[in-house]
Each structure stands twice: as C-alpha cells, then as structure tokens.
Amino acid sequence: MSNNIFTNNYTIVDKLSEGTYGIVYKVEHIESKKNFACKKFVIDNNFTYCNYNELIAHNEFNHSNLIEIYDILVDYGHDKCTYYVIMELCDGCLFDILFCDKVFLDESQRLDYLIQIIDGLEYMWSKGFVHNDLSLTNILVKNNKIKIADFGFMYNRFIKQDIYHRNTIYIQPPELISGHPRICDPNKIDTWALGQIFYVMCYNSVLYNYSNKTDYYLDIISKTNTPSLDIIDKLYLSDKYKKLYYNIFRKNIKKLTQNAINELVCYNKSTNKFSNDNLRKKTSSNKFIKKHMNWSVRHRPDIKQSRKLFYEILANKYPIYNSPIIQSIIPSTISFREFSFHKLWSSMNNYDYLFKSNLLFGIHFEYKIRLHHRFDYQYNLIVKIMLLMGKIIRSCFSKYNKFKCLNKFIYPNNNYLLSSQISRLENSFDRFYSMGKIIYCHYPFFENYIFDYDTIKLSNSLEFQYHFIDILDKEIPCLDAYDIFLLSNCNKMYQKYFKYMYYLFVSSPNATVFDNNIVYQSIMLIIISYKNSLIYKKLINQFLKLNISTKIKYSREINHCFNDDIINVIEIDNDYGINLNYFTVDTIITAYYIIHICRLITNEKYNLLNINFAIESKFIKYLDKLVSVIDME
C-alpha cells in the first residue's frame, strides 16, 4: 500500500484473506494501538456492483450480528480511487472453526449460533436486503458472537432480478443452479443457505459440494427429498434425469429399464455418497434442515418463518429443563390494543377452518384422568399426551395420511370391529393414559413393562418418554404453553386459573395448531380480563366484532375502507408479571377460540372439572359470560 491517508493512520499487521473484489488485512491503529480488519478495494471507471453494496452496508446496517464497519477511508488517485473499509476484527469464521480446528459444537452452542444468524438475516430483511452469499467463510465469530460479513452479493428483496450473481455452489438453491432466475424468490435464497449452514454445524460436514449440476441434483434427492415432477419440469431437467432419479425414488420400478438402474448403481459405487444417514434421524434439527432445503420455492420458508421453525426446535427439545430460555425484561405496563373490524376480519380468515371442527377428546374428562391434575409433573404429562394425540388425530384427517397411522397404536377390544374410525382412535387414547399412569404410580423408581411382554423394561421416566416417542413415531411437544407460564415471572397466584383454562383448551385436537407463546399470552389475557373490568369490556367488544367476522365471506361482502388497524390503545399496570408489551390480534383471536372450546364442552363435564380444579364460582360465572357472548347468532 502506498503512502496515503490509510498509512498515516494504520499499520498492516497481517494479510487475512484475498477475494475477487478485494484484500482483507489485519491492521493496527497507530494512535490507539487497537487492531481492526481492513478490506481494501480499488474503484476505477468500472464501479462494481459488489463495491457499491459494501458502501450501502456501511450506511444502512447497525446490528450486533452484522460485522461493524467503523470507517471508510478513500485515497483519490488520478484515474481511480482506493477504498479502505475499517471493520471490527473477529476470531475466525465458521469454516475455520468446524473444518480447520475441527471443533464439534454441542447442541446449545449450535442453537445459539443459529438464532444469531437468523437475527442478523432478519435485520437485513427488515432493511429490504437479502445477503445472497451466506457461506461458512462469511459467518465470522467474535467472542462467541456471530458476525455476518461480506455484503458484496446482497440484493434488494423488493426488486425482481433478471440475473442473480452466482455464489458458492453448496449454498445455491436449485433454481439458481439450473440458471432459471425467473422462478427464484429473493426472500428464499438465504434460507436455503441457512439450512446448509445449520447442517454443517450439526454434523461437521458439507451436505452438497459438487462442481457439476448433475451430481448436485442427485445429491439433493438422495440426501434430503425428491422434488415433484412439476418442480423438475420448471427446472427444465432432462427426460433421462426424470426417468432415472424421480422414478427410482417414487418406486415406479416398472417404468425403469435395467440400464437406468445400472447407471444409478455405478453412480453409487463411484461416489459412495448416495445416502445420508444423518438426515434419516427424526430430530427437530433435521426437520429444520429439510424444510429449508425444499425444492419448491413457494413452500420454502422465508427468514420470518425460519424463526418460527427455530422455536419448534426448542419446543420439541427433550427434556424441557435443558431447553434454552429466551429471557426478557418485564415491562411496567401492558398495552391492550383495540383492533378495527377490518383487521380482525382479515386475520380471522387464517383461523376460519378451525371453527369448523368441533371435535373434543371425551376421555379427557373421565374421573381417572381428572385425578392427575394436582401435581405439576402429572398435569404436565397429561397435557403433553393430549397434545400428542391432537397431532395424531390431525395427521389422521390430513388428505395424505387419513387414518394410515392408526395401525401404529390401535389395539383390539370387544367393540373394535363395530366402532367407527374415530371411536377406535379415542379408545386407543385410553391406552396412552394407562401408559402415563405407570409414571404416576411408580415414579421415580418404577419397574414395569410397556405394551405387555414384547416390549422393554424401563428404569426411569426419561427412558419411558423416549420409547413412548419412538413407538408412536411422533414427538411429544415439551415446551408447551403451561411450561412457558411456569418458566415466566408471572404471578403464581394465577396458576390455578391458567392450569384450568389450558386443560380445557387441550381437549381440542386443534390445540396443536396454535403457537405456544400465543396460547400462553391468550390465557393470561383471559385472566387479566377477569381481574380488570376495563379490559373485560374491551375484550367483549373485540369478541363481538369477531362474531360478525365469522359470518362474512371473503372480500366481496365486506366494505373495504382504509381505516387504521388499531383504533385505540389502553395501558394498564403490569401487576401480573407477564413479559409482554402488548397483546397482538392473534392473541385476541386465540382467546376467542379458547372460549369457543369452553362453549363446546357439556355442562356436566364442565361442572366436574370445576370441582376437580377448585375454581371459585366467580371465575366460572365470568367464563359463562364470555361463552354467552361468542354464542350470539
């Protein structure tokens, strides 16, 4: 570097890396003696897209998970300018940590890194940009803090590109590899890469790393999932490709020639990487990875949806007391927002299908089950089994799996052949509870056989729970709304109300559809409404609007007016200890649905539960009033 404004202030210590658009040095500030990273690039008449993006990043970004740019120095020459971008110096990149240093990250560290990457990408997304080059070398680490760097390939997500810059091949989605940007969604490029990055953090190996398209496509199919024929057509893949790969994975053997099968066998022998045992494991982390590496751009998550999928990893992590808990400061006040009719109506369209199903689990109200609500451990297992059963029954009703999963857990009884499918399903739930009762009666030192003589002997509750999951090929949701309540700083004087309301809520199979945090907030809203007369009146008003919204069909029957989404805001003192600033429209609708569940429960079952949970008559009368409101025609 020549003598200029840069050398007057900094001394080069070491060369860190060199790329197409610049060189990165480790430098020392002469006056303060502090070390920084410096990226040097030259701009002449051919001012490049990548150079311009680096300058945008300096002006637009300010986030703890994006590399901080402290200063930009410019040395003006005769026919060119040399830029020196002074940045914070990091300890290294993920590539160095995972492959050079061969560090294996434990689960808590992986999840911590993952949520930091999501935070950084979501911040860029909120500013209108996608990174577009999220490789291992561009994710830096400083004191265990993720720093996303190198913004040269980023795009404005609101602008459809005719041509996308090619980045590192293993992080490119199929639509870019195939050279068809017209089906590319800028919002989904980073999330494909995010799935790849998280795979490397989990297994210390790169999932896809081929130099040609044919091997790359086969690798995607053999290690993750098979694309639909529609997707293959959109990518203009050859007929030979469709015949060889698509049909094999769809098991349409009759359509295959022996030559095609031999060709695939030769590929297996030559690469020895046809399958991937890591992704065959049914874990929450693998589910996250596979969802992000979806061939279909439409079904691939964007960064907002990635955050929700991250929380599903936490929700399904076992056991609960090892799950990372995101702490927040409890605000001194809570805002209750009154939403306009148009906002409630438009949001209600997302929930409309739930109100068409009036299924309840009858066994949930039987005496032998109601006995187990007194202790948190017993109550927790009951509601978790209910949530698991909800997942199963929804799986039974889905158009792809209708009743196919019944053979996993149905057992014969005297009326088995005479029963309907739903009756068989509910009769089988009795067995779930009897399995759970083993823990109730013998925990923590029980010795029993599960599923009679042909199953294994268990010695502790965690082993029981593991095999319970394994037998059913499902996951028990462990971080549910009640767990969130227990782990929060909410005033525990409201615990009995919360337990009671949540017990009512999980009697519906649809309980598994709702976000656990929203359910927690909605039940707390119902409790706050019981204690605060002003909130009660406002909540009733919102429910009345929702009554009307359920009766109005989509778009044509409603007068679209350009009114505000929020028409009023009321602040109350946060004497409840809830870690929330305000209630969202989803919280209002979920509270409405919880009261809808109460409405479906017969008076007989309702009264039995009231006695078991020792709920005072005043609270019951309050719920009756809410039920009467949503029962209006």
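Using the three backbone atoms N, Cα and C, a Cβ is placed for every residue, glycine included.
What you see is a predicted model, and the numbers here were worked out from it, not measured in a lab.
Taken from Swiss-Prot, the feature active site, proton acceptor applies to D133, supported by sequence analysis. The ATP binding site annotation in Swiss-Prot covers L16, S17, E18, G19, T20, Y21, G22, I23, V24, K39 and is backed by sequence analysis. Annotation comment: Swiss-Prot describes 10-314 as domain 'Protein kinase'.
Sequence features, as recorded in Swiss-Prot, placed on the structure.
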residue: L16; record: ATP binding site; DSSP class: strand
residue: G22; record: ATP binding site; DSSP class: strand
residue: D133; record: active site, proton acceptor; DSSP class: coil
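If you measure from the Cα atom of E18 (ATP binding site) to that of D133 (active site, proton acceptor), you get 16 Å. V24 (ATP binding site) sits 17 Å from D133 (active site, proton acceptor), taking the C-alpha atoms as the reference points. Listed in sequence order, K39, K40, F41 are the same-chain residues at least 6 apart in sequence whose CB falls under 8 Å from the CB of G22 (ATP binding site). Confidence for the domain 'Protein kinase' (10-314), expressed as mean pLDDT, is 75. The candidate set comprises the binding-site residues L16, V24. Of these, V24 has the most other Cβ atoms within 10 Å.
Cα separation, L16 (ATP binding site) to the residue listed as 'active site, proton acceptor', rounded: 19 Å. Fewest Cβ neighbours within 10 Å among the recorded positions E18, D133: that distinction goes to E18.
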